[in-house]
Each structure stands twice: as C-alpha cells, then as structure tokens.
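First comes the structure, then the notes that go with it.
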Amino acid sequence: MWESVALTLAGTAGNNVGKVLQKKGTLILPPLSLKLKVVKAYASNQLWISGFLMDMCGAVLMLTALSQAPVSVVQPIAGCGLAILCVFSHFYLKEVMNGLDWIAITLAGLGTIGVGVGGEEQKVDQIPLLNIPWLVLSIVILFVLLNTWLHMYKKQRREQELTGPEVIEEIIYGLESGILFGISSVISKMGFVMSEMGFPKIVVPAAISCSVCCSAVGFVYQTRGLKHGRAIVVSTCTSVASIVSGVVAGMIALDEHLPKAPTARFFLLLGWFFIITGVILLVSSTRLIARLPRPVQKFLKSNIERTHSIRRPGSARGKDAIPTTTIHTSSLHLLTSPTKEKA
C-alpha cells in the first residue's frame with residue numbers, strides 16, 4: 001500500500017510540476033500549432049520539453065499506482081497535487097505563501113498518511129457488471145440536470161442583464177470536470193482489473209484510451225469555467241468532485257469497500273477529510289484570511305509576504321512575484337491561464 005501511495009505522490013507531483021514548467025516554457029513560444037516551425041520551436045525549448053516529459057512520467061506512475069491500489073486510495077492522494085505544486089511554486093517560482101497555505105499543506109500531508117495507514121489492498125474477484133449501466137445512467141442524468149440548470153441560469157442572466165461573478169456557472173463547470181476526472185481514474189482501474197480476471201489484454205489500452213477521452217472532456221469543461229470564472233471556485237469544485245466521484249464510482253463499479261477493521265476505517269476516512277479540507281483551504285486561503293480579524297491576519301501572513309507587500313504597496317497575493325508564470329492546479333488536470341489569480 002505504501003508503495004502505491006509513493007507512486008501516486010510522485011505521479012501527481014510530475015503531472016503538476018510538469019504543467020508549470022510547460023506553461024513557463026510557452027512564455028517565449030508562439031501558440032501551439034501543427035506548423036513545422038512551431039513544432040521545432042517547442043521541441044527545442046528545454047523547459048517545455050522537461051515539463052512535458054515530467055507530465056508523461058507522472059501519468060505512467062499514476063497508472064502504475066492504479067494497477068496496484070484501489071481508486072479510493074489513489075484518487076484522494078492525487079488531490080494532494082495542488083499542495084505539492086504550491087510548495088514547488090514557493091521555492092522555484094518564488095511565489096508568496098501565507099500561514100494558512102502551510103496549514104493546508106500540512107493537512108494534505110497528514111491526510112495522505114491517514115490514507116496510507118487506513119487503506120488496504122482489495123482483491124476484486126468479479127466486477128458487478130449490472131451496476132455499471134446504472135452508474136453510467138446516473139452520470140448522464142446528473143450532467144443533463146447540471147447543464148439544464150446552467151442553460152436556465154444563463155438565460156436568466158441575459159434577460160436580467162446581470163453582471164458580476166457567474167457563481168452557478170463556475171460551480172457547475174467545476175463539478176462536471178471533477179466528475180469526469182474521477183471517472184477517468186475508475187475506467188483505467190477497470191482495465192487493469194479486467195485484465196487480471198482473464199479478459200483479453202486489449203482491455204487495458206482500451207480502458208486507458210477511454211480514460212484519456214474522459215480527462216480531455218473534463219479539461220474542456222474546466223477551461224470553460226476558468227475562462228470567465230474565478231479559479232478559487234472552479235478549482236475547489238473540481239478537486240472535491242474528482243475525489244468524491246472517484247471514490248463513489250470505485251465502490252459502485254469495482255465493488256471497492258471501506259476497510260473492515262474500525263481503526264483502519266477511521267484513518268482512511270480521516271485521511272479523506274484532511275485531504276479535502278486541505279485542498280479547500282489551499283485554494284481559498286487568501287479570501288479566508290481577508291475575513292479574519294486584523295491581528296489574526298498579521299499572524300498568518302509570513303514575513304516574506306509582509307516584505308513583498310511593503311515592497312509593492314497595494315499589491316495582493318493575486319499579484320505574485322512572477323505573475324506570468326502563476327499556475328493554479330488541482331488533482332492531475334487543472335491548468336489555468338497565466339492571468340488567473342489563485343483567489
């Protein structure tokens with residue numbers, strides 16, 4: 001189990017750090033296209049290539065972890081990618097972090113330990129095939145309801161000429177992308193399980209292909225939400241939805257279950273809670289601190305942040321030392337534009 005935890009952490013770190021390096025490399029590159037000159041420019045950019053290779057290695061490590069451990073263990077730990085990214089951005093990109101960020105990262109780390117202690121290897125003797133159509137139907141109905149709600153909300157905004165943050169749109173796109181990311185992990189796991197059960201080996205690449213398609217569609221939904229929405233809302237909904245949907249779908253489609261031992265079950269549930277809480281704190285820390293009493297704000301703000309604020313009067317945490325390289329991410333898939341603020 002600990003080997004799977006380590007593989008998941010390494011995989012999600014590779015995914016998220018790789019995306020940061022790719023984004024930083026594209027700052028001096030033209031928009032990606034199939035033109036030979038553009039392809040050569042990307043291929044000759046060492047920073048972009050390094051990020052791409054790290055991203056691919058992270059994906060391979062994540063698939064390896066999924067082949068060894070239940071989705072209920074891998075998917076929550078993958079949510080710690082945001083915490084790993086923040087630590088990397090702090091030391092490599094010199095981005096400012098406050099005390100609440102470090103508390104959130106600590107919670108994510110403790111949650112990972114809890115999942116590692118409480119998680120157990122589960123031998124799947126058979127896949128409940130009858131549950132899969134119901135799961136697919138439930139997801140389709142959920143997406144129909146969410147998109148119907150979104151359509152009605154947009155129509156109402158147009159009729160009333162409302163302005164300001166489109167909260168409902170941010171939430172819906174975040175939930176839809178997170179659900180697809182969680183389901184993609186379950187599909188990959190199903191391929192490995194079916195292969196072990198004696199199905200043709202072709203099921204593994206077929207499942208991985210379906211998983212990639214789900215992730216790609218999820219990325220489209222996420223990009224729509226981030227285009228006009230706030231990263232804090234979209235990324236929170238995406239992270240939490242990916243963890244919850246991955247765990248629930250794994251229990252339904254793969255017959256995964258909570259540990260039978262009370263102690264192991266307690267640590268696993270506590271680990272899930274810490275990871276989800278840490279992710280939510282991490283993406284909303286700036287706004288939370290702004291609502292706290294001033295003495296508490298001063299306590300939570302690090303010396304680095306105070307120096308940064310003195311050096312640049314009126315600046316907020318959204319304006320980082322390197323604003324063009326700020327990347328906000330959650331889980332394996334979150335990558336926003338360089339102008340998006342964390343909160």
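The backbone N, Cα and C atoms fix where each Cβ goes, and this holds for glycine too.
Because TrEMBL annotations are produced automatically, they should be read as predictions rather than curated entries.
As annotated by TrEMBL, transmembrane segment applies to 47-67 (among others). Residues 4-5, 7-8, 10-26, 29, 74, 78, 185, 188-189, 192, 208, 332 of the same chain sit 6 or more residues outside the transmembrane segment (47-67) yet have a Cβ under 8 Å from a Cβ within it.
Among the features that TrEMBL reports, transmembrane segment is placed at 73-93 (among others).
Annotation source TrEMBL lists transmembrane segment at 100-119 (among others).
Remote same-chain partners of the transmembrane segment (131-150), defined as residues 6 or more beyond its termini with a Cβ less than 8 Å from a stretch Cβ, comprise 168-169, 172-173, 175-176, 179, 183, 249, 252-253, 255. Annotated transmembrane segment per TrEMBL: 131-150 (among others), in sequence order.
The transmembrane segment annotation in TrEMBL covers 171-190 (among others).
For 202-221 (among others), the entry in TrEMBL reads transmembrane segment.
Annotated transmembrane segment per TrEMBL: 233-254 (among others), in sequence order.
Summarising the annotation, TrEMBL assigns transmembrane segment to 266-290 (among others).
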Maximum Cβ pairs under 8 Å to the transmembrane segment (202-221) - stretch from the list 73-93, 100-119, 171-190, 233-254: 171-190
Contact call for the transmembrane segment (100-119) against the transmembrane segment (233-254), three or more Cβ pairs under 8 Å: no
